[in-house]
Each structure stands twice: as C-alpha cells, then as structure tokens.
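Student: Quick one: the structure is below, and I'll ask about it shortly.
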Amino acid sequence: MVVLKRVATSASRSSSILKLGTTSFVSSTNQSILDHNSKPSFHSQTSTSTSKDTQTPSSRTRFLKFVRNQCNAGFTNLDDAHHLFDEMTQMQPMPSIVYFTQLLAAITRMKHYKAVISLLKRIELLGVFELDVHALSVLINCYCHLKRVDLGFAVLGRILKLGYEPECVVFTTLIRGLCGEGKMGTAVDLFNHIVAKGLELNAIMYGTIIDGLCKSGNMSVAVGLIKRMKERNLRVNVVVYSMIIDSLCKDGLVTEALDLFLVMIRKGIAPNLVTYNSIIHGLCNSNRWNEVTSLIREMLNRNIKPDVKTFTILVDALCKEGQVLEAANIVELMIRRGEEPDIVTYNALMDGYCLQGKFHEARKIFDLMVGMSFAPTIYSYNILINGYCKKQRINDAMKLLGEISSSGLVPNTVTYTALIGGLCRAGKPLHAKELLNDMRTCGQYPNLQTLSIMLDGLCKNDLLAEAMALFREMEESGQHLDIVAYSILLDGMCRAGKVEAARELFYSLSTRGLRPNIHTYNIMIKGLYKKGLQNEVNELLKKMEEKGCSPNGCTYNITIQGLIHNNETSRAVQLLREMVDKGFSADASTVTLLMDVSNNDGLDQSILEMLHKFE
C-alpha cells in the first residue's frame with residue numbers, strides 16, 4: 001500500500017449449555033538466523049567486520065537482502081533489532097532510509113514504540129539523510145500508540161512542509177489515536193475534514209472511526225457512517241458489523257443487535273467468533289439463556305469453536321445470577337474441550353463464590369491460581385477483599401492487604417475503598433480514617449467515592465465533627481462534590497439533631513449547582529419530623545413534587561411514621577392507602593407503629609388486613 005503521495009503542495013462486543021459441550025511465524029529456512037542463542041547477525045554467516053564485509057556490491061546486496069528478510073520475518077527480542085541497527089549504521093556507505101524504515105516498522109510491530117522514537121532520533125543525529133515520509137509515518141504511529149497524538153499531529157505538519165499529501169493510512173492512524181485518547185469530537189472533526197477535502201476513504205478508515213464512535217456510545221452516528229459506506233460502494237465487512245453489534249449489546253439493545261446479526265447473515269457476511277461472543281454476552285446479561293444455548297449450537301454448526309472468552313462470558317454471567325455451581329461446571333467443560341481458563345475466568349468464578357459468601361471455595365480458587373503459576377492480579381485480591389468486607393470479615397480482609405504488599409503488588413484505590421467501607425460498617429470509622437491516611441502516604445489518592453464512603457462511616461457512627469472536617473477538606477481540595485456527598489452530610493447532621501444547620505445547607509444546594517434527589521428529600525423530611533416541624537414537611541413535599549421528584553416508598557413510610565408520632569392517625573391511614581395504591585409497601589417500622597395504634601385506638605378491619613400482608 002502506498003502510504004504517502006508526493007505532490008507539489010501540501011494538503012490542505014445454564015445447564016442446557018453444558019449439554020452442547022458433551023456433543024509458527026518463521027519458516028524452516030530462516031531458523032538458523034533466528035536461533036535463540038545467537039543474534040540475527042549477518043556476520044555469523046560471513047566474517048566479523050560489517051564495514052569490510054559489505055564493501056563489495058555482491059556482499060552488500062546479500063546483507064541488505066538479509067535485512068529485508070529479517071524485518072519481514074520479525075524479531076524474537078528487541079536486542080536483536082538493536083544489534084542489526086548498529087550494524088547498518090557502521091556500513092560505508094550507509095543503507096538508504098528505506099532499509100532503516102523497514103527495521104523500524106518491524107520494531108513497531110513488537111510494540112516497542114519508545115525504542116522506535118529513540119532510533120529515529122539517532123538516525124537524524126547521524127546527519128546522513130533526512131527522514132522521509134514513510135519513516136515519519138512510522139513515527140506518527142508510535143506517538144499515537146503512546147497516547148501522544150498531539151506529537152503525531154506535529155509530525156503531520158512536518159510531512160506537509162516537505163510537500164507531501166498524506167493518504168488514508170496516515171489519517172486513519174491519527175483518528176485511531178484520537179479515539180484511543182477519548183477525543184471523539186476531534187476525531188469526527190478530522191474525519192469530516194478529510195471527507196470535505198475529497199480524499200478517497202477506504203473501509204479501514206471507516207471501521208476505525210465507527211469503532212471509536214461505538215466505544216464512546218455514539219451509536220446513531222456510527223450507524224449513519226455505515227449508510228455512507230454503502231453509498232460509496234465500500235463493503236461493510238464482518239469487523240464493522242461486529243463493532244456495531246457489540247456496542248448495541250453493551251447498551252442493552254440486544255434485540256436490535258440480533259436484528260442486525262440477521263441482516264448481516266442475509267447479506268452473505270458470515271459472523272465470526274467476535275460477533276458471537278458479543279451477542280452471547282448481551283444475551284447473558286439480559287438473562288435470555290434459551291437464546292444463548294441456541295446461539296452456541298449455531299456456532300458449533302458453523303465450525304466456530306468457543307474460545308476462552310466465550311466460556312468466561314458464561315462463567316461470569318452464571319456467577320452473577322447466583323448459579324456458581326453451574327459456572328464451575330462450565331469451567332470443567334472448558335478444560336475438557338481443551339480450552340485453558342485464564343485469570344479472568346478464575347477471577348469471575350472467585351467473585352461468584354464471594355457473592356454467595358463461600359469464601360473457603362473462593363480462597364481455594366485463589367490458591368489454585370497461584371499453584372498453576374497464574375500470578376493473581378490486584379483485581380483478584382480486590383474480589384476477595386470486597387467479599388470479606390461485605391460480610392464484615394474485616395480481619396480476613398486486612399490480612400489480604402498485607403499479602404498484597406508481600407506479593408509485590410500495590411493496593412489501588414479500589415482496594416482501599418473496599419477496606420474503608422468494611423471498617424466503617426464494622427463500627428471502626430477511626431481505623432478507616434487511619435487507613436485513608438495510609439492510602440495517601442502510599443501515593444494512592446482517594447476519589448470521590450472513597451471520600452464519600454469515609455464521610456458516611458463517620459456520620460453513621462455519630463462522629464459529626466470529624467465528618468464536617470473531612471467535608472471541608474473535600475471542598476478545599478477543589479473536588480467537585482456531587483449530591484451524594486451532600487446527602488450523606490445532611491443525613492449526619494439530622495442524625496445529630498443539627499436540623500437547622502441541615503436545613504440551611506439543603507436550601508443552599510441550588511447555589512452550588514446541585515439538585516436534590518429523592519434520597520436527599522427523604523433525609524430532610526425525616527429530620528424535620530424529628531423536630532415536629534409538620535408544616536415544613538408539608539411545604540417540602542409540595543415543593544418536591546413541583547420539581548418533578550415523585551415520592552417513593554421510603555417517602556411514604558417516613559411521612560406515615562412522622563404523622564403517627566404527631567398523633568395524626570387519620571392522615572397516616574389515608575397515606576397508607578395511597579401508598580398501597582401506587583404499588584409501594586409498608587416497612588416493618590410503619591407496620592409496628594400502626595399495629596400499636598390499632599391496639600390503643602382501633603383501626604378499620606380493612607387496614608388491619610392490609611397490614612398483615614406486609615408482615
């Protein structure tokens with residue numbers, strides 16, 4: 001493929017499933033060259049001095065042919081490539097930039113992007129020749145892979161100054177780089193600019209921008225581009241269809257994904273493993289297990305073997321459904337079929353056991369990974385820690401924190417957040433605060449979720465002064481506090497009897513650019529009732545509905561309980577009927593209070609029958 005064209009001026013993704021289961025890059029001629037114990041050196045086949053060995057035209061030709069073949073075959077390690085680069089720079093005269101570019105492209109395929117950039121700088125320092133457009137295109141590719149697309153654009157400017165007009169592949173690289181950095185707006189702008197300039201676009205560029213749009217949730221734009229591809233007579237291949245199908249499934253639009261899947265087949269485009277995995281994942285998440293079974297059967301009929309990802313999708317979905325035994329059976333089936341589970345599979349199974357409180361089995365999976373030479377990741381540790389914390393087995397969780405350090409891993413924000421939450425729920429908020437400080441000391445900075453959990457722990461353990469201090473610290477850090485953080489503090493203030501201060505803070509939310517949600521309103525209603533401020537509750541309920549925030553079951557229960565405490569039984573009973581009519585249920589506290597009222601004052605038989613349904 002021609003990368004760039006010289007011009008005069010620059011261009012402007014159940015048990016029935018189990019039944020289904022019961023039913024080299026180098027040729028031999030190059031093996032001596034790529035022997036593990038020897039570098040790919042031309043000397044090993046000639047003599048010791050490159051400068052001397054390549055003096056004659058025939059030896060120079062043989063060497064350059066060796067370079068080209070080696071670059072096409074690829075390298076086993078970076079040192080081999082560096083060694084060949086050094087040999088080339090010692091030649092007199094030096095090979096043309098074409099051979100260096102071939103070598104750099106081979107190193108790029110090894111994903112050693114920084115090494116390529118360094119070698120390009122060395123070439124420039126030699127002062128023998130300028131980098132040509134092909135070498136500069138390799139440089140753009142490396143910068144984009146390193147998430148420095150800004151530098152990639154700088155190199156594009158350099159290409160334009162040389163008088164070249166970049167063709168499709170260069171712009172595709174830049175668009176891929178922008179998408180990888182989450183700069184979809186800029187990527188779309190660049191794409192539209194290219195279209196406006198009349199540059200001939202290929203299916204690869206369309207696929208790149210469509211992939212970025214799908215991953216960023218811009219489905220309508222992505223579908224629109226498919227239509228444009230058809231208008232330009234560009235073939236929409238299985239890769240592009242799979243991108244759209246995967247995105248639809250991730251958005252929960254599984255029926256739409258299946259419709260597109262059928263369209264694809266009708267057009268004669270055969271789905272591949274990636275396509276099937278995406279739809280299976282979507283169907284599993286939607287609990288459509290019969291269709292999962294049918295799809296796997298169809299896969300097998302098409303001679304498409306499920307891979308480790310297919311099995312892992314099933315294991316993860318079954319675990320989340322609480323069917324961990326079935327998930328374990330899938331793992332056994334997977335092994336029988338010759339597919340080795342990977343760490344993602346074992347993590348999913350371990351998480352399933354933790355969700356059911358089966359920590360002994362979860363730990364056995366963890367130890368199994370270690371015994372099989374799978375190094376558990378920080379995610380593996382976090383699964384166990386989170387499970388222990390949710391069951392208030394905080395000592396076990398803290399022991400794992402020590403294991404992390406001794407294993408050479410570093411606890412991350414997720415690790416600390418789970419432990420801080422666990423300590424707070426175990427009634428140890430001050431220990432949690434110490435851990436928060438340790439977290440900062442270790443260079444891990446708490447996010448808003450971590451700090452909100454800490455704030456909630458302090459408030460729920462009646463440490464309002466400490467909570468207020470933490471809240472001020474959060475404000476002063478410049479962090480954008482959301483309604484969740486404010487609701488936590490409001491709840492703490494109301495719990496501590498500081499209703500006046502809570503009311504003042506509540507009414508200042510709009511000036512902070514925040515809008516109360518139903519949870520915030522419920523906190524304030526409960527606080528106001530504690531102070532016997534019925535009129536204010538009535539006003540707040542009215543204002544809440546005016547703002548489009550409808551009462552939920554919690555609102556009704558709080559209000560009914562407040563009315564009973566204020567001896568407004570008839571109004572409480574009226575609200576109870578209204579609550580039931582709207583599909584909400586009375587909680588245990590509401591039922592107890594109303595039964596007490598009935599024992600003292602008597603209630604209508606229909607109300608008593610209603611209450612018995614909630615017991």
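Here, residue 1 is simply the first one shown, and the rest follow in order.
In case you wondered, yes, glycine gets a Cβ from its N, Cα and C as well.
In TrEMBL, annotation is done automatically, which means it is predicted and not curated.
Grabbed the feature section from TrEMBL, which reads as follows:
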REGION    36-59  region 'Disordered'
COMPBIAS  44-59  compositional bias 'Low complexity'
REPEAT    132-166  repeat 'PPR'
REPEAT    167-201  repeat 'PPR'
REPEAT    202-236  repeat 'PPR'
REPEAT    237-271  repeat 'PPR'
REPEAT    272-306  repeat 'PPR'
REPEAT    307-341  repeat 'PPR'
REPEAT    342-376  repeat 'PPR'
REPEAT    377-411  repeat 'PPR'
REPEAT    412-446  repeat 'PPR'
REPEAT    447-481  repeat 'PPR'
REPEAT    482-516  repeat 'PPR'
REPEAT    552-586  repeat 'PPR'
Student: Report the DSSP secondary-structure composition of the repeat 'PPR' (237-271) as helix, strand and coil residue counts.
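Tutor: Helix, strand, coil within the repeat 'PPR' (237-271): 26 helix, 0 strand, 9 coil.
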Student: Going by DSSP, how much of the repeat 'PPR' (447-481) is helix, how much is strand and how much is coil, in residues?
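Tutor: Within the repeat 'PPR' (447-481) the tally stands at 26 helix, 0 strand, 9 coil.
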Student: Determine which residues of the chain contact the repeat 'PPR' (412-446) at the Cβ level, with the cut-off under 8 Å and only residues 6 or more beyond its ends counted.
Tutor: 378, 381-382, 385-386, 388-390, 392, 394, 397-398, 401, 404, 453-454, 456-458, 460-461, 463, 466
Student: Across the repeat 'PPR' (132-166), what does the mean pLDDT come to, as a whole number?
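Tutor: 91, rounded to a whole number.
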